[in-house]
Amino acid sequence: MANNIKTKITRFGYIVNKNLIDDETIKEIKSDLTVVPFKINNYAPKYIKNEGFPLYVENGNYIGIPKYYGFDKLGEPDIDKVSNYEYPVQDMTYTGTLRPHQQMVSDKIIKGMEEGGGGVLVMGCGSGKTNVAIYIACKFKLRTLFVVHKTFLRDQVIDRIKSNTNVKKVGIIQRKIVNYKHPFVVSMVQSLAKINYNDEIFKDFGMIIIDEVHHMGARNFSTVYQKISSKYMLGISAEYTRTDGMYKIINWYMGPILHLEEQKPNEMVIVKQFYYSTSNKERIKMKYINGDTNKPNRSKMITNLFYIKRRNRFILYLIQELFDMGKNILFLSGRLKQIDLLYELLNNDEFTHGNVGKYIGGMKESSLKKSAMKQIILGSYDMASEGLDIEGLNVVILGTPKTSIKQSVGRILRKEVYEEHPIVIDIVDVDNDTFKKQSKSRNNYFQKQKYNIQKYYISESLKQKYELWNDKEYIKKVLVEIPEIPDKQTQDMIKTNPNPKKKYQGPINIDELNFLEDD
């Protein structure tokens, strides 16, 4: 940097010559950019602060800071090497078709990026964010780095690029694989954060797209911004906040939110809540961390649910009846043992054998694709939290308690027109105060989205106003109950399914199976 140049933008951010900026301003910059995340303590009245970390990098007389923070604090730079660089034009044509609303959003984002160079697109689950981002990249015709944080998302993005553009060879940057001389390159954020690749690899990328960009506020991922930047930066996500208060990191590096639309309310969705009471009081009771009654041990309590035999049987009854109804089912759990158990029981049964697949971390992409074709998919919350795109799903079962379920429910909301009501099965474990509290959070979301909530009460023993857990006729009856369609607009969202329902050939005789413990 020449001695008389105070500021400039490079691929490493907004660079400031400290010798030409007053000490007080430098002090303010360092203070602003030493960020301290908040950690929510669910059982105390205040937030608990974690240790802070810097977003600036010092190198002798120079300090590198986030680009958009630099714009706000110091104004336009003296030199912008990133914008003035002559990026090679790529042969990139979008061959797919955007829906009218997606086209409107794309045009808005393109205009915003032409004016400011970057920003964030926030749209709900199933709205087509990935296709919109690919379309935008093709419009700019610059080599594009698409950053993801999960392997199955990497493969999903590659498939989308190949099926919706003329680009049939997509590069990959991951671990030791560095294949970057293609119009589109997909990279894992973990590799970018941990490995110091040769800087020359990134110089011709005119656009960087970061999927599920809300994760980039995390300390370990935010270091990626200090290594790479480009003329155009686009973040896409269904989220626009972080509970630790670190979303500002994303805006400082990526730019402002250019378009925001939350998940649209959908009166077609039916939530069937089963308020479940168990007789296994030892397994359902509250557990605490180190005996501190202010810190419930949620992890231990969720694990204990797996060992309640009748609760597992009840879930099996639900799955078999939904299968009988011809539903395409996504069962989600926070415990792999529960997934393994259900997979074994269902896949070893002559009637559901071959119709069950797992969808969990560590599986090969070929196995995930095979599982995605099954009528019953048993998956982890982690795999379904973001980006999971399986066509035809119309039922999601929340097998273990969870507070934030927007992404999980979004897996069955990927259509504009529905052949039938999407169904959420929500099991509320009424004998545990922590689980009941989580249920209230889910209810707030369901009500906000105008879902139709139907409540049923199930018990493992005779109890007033409760039905018995193994009353299969009752389960069958309540699963087919649907609310009245409230208005013509909602009626227009549903059309008659001409295909007859698949007939389930017989029940799983789980009463003869001796698995897990009982009370």
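Every residue, even glycine, has its Cβ placed from backbone N, Cα and C.
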Swiss-Prot annotation (motif 'DEAH box') - matching range among 7-10, 211-214, 435-438: 211-214
- line: the motif 'DEAH box' (211-214) resolves under DSSP into 2 helix, 1 strand, 1 coil
Field: Per-state residue totals over the domain 'Helicase C-terminal' (317-457) - DSSP helix, strand, coil
entry: 53 helix, 32 strand, 56 coil
Task: Provide the three-state DSSP residue tally for the domain 'Helicase ATP-binding' (110-258): helix first, then strand, then coil.
output: 64 helix, 37 strand, 48 coil
Number of other Cβ atoms within 10 Å of the Cβ of T130 (ATP binding site) across all protein chains: 22
Query: Do any residues at least six apart in sequence from G128 (ATP binding site), in the same chain, have a Cβ closer than 8 Å to its Cβ, and if so which, in order?
result: L98, R99, Q102
Field: Close in space, distant in sequence - G124 (ATP binding site), Cβ under 8 Å, 6 or more apart
entry: A238, E261, E262, Q263, K264, G410, L413
Message: Other than M123, G124, C125, G126, S127, G128, K129, T130 themselves, what residues in this chain have Cβ atoms within 8 Å of the centroid of the ATP site's Cβ atoms?
response: A238
Query: Counting across all protein chains shown, how many other Cβ atoms sit within 10 Å of the Cβ of G126 (ATP binding site)?
result: 17
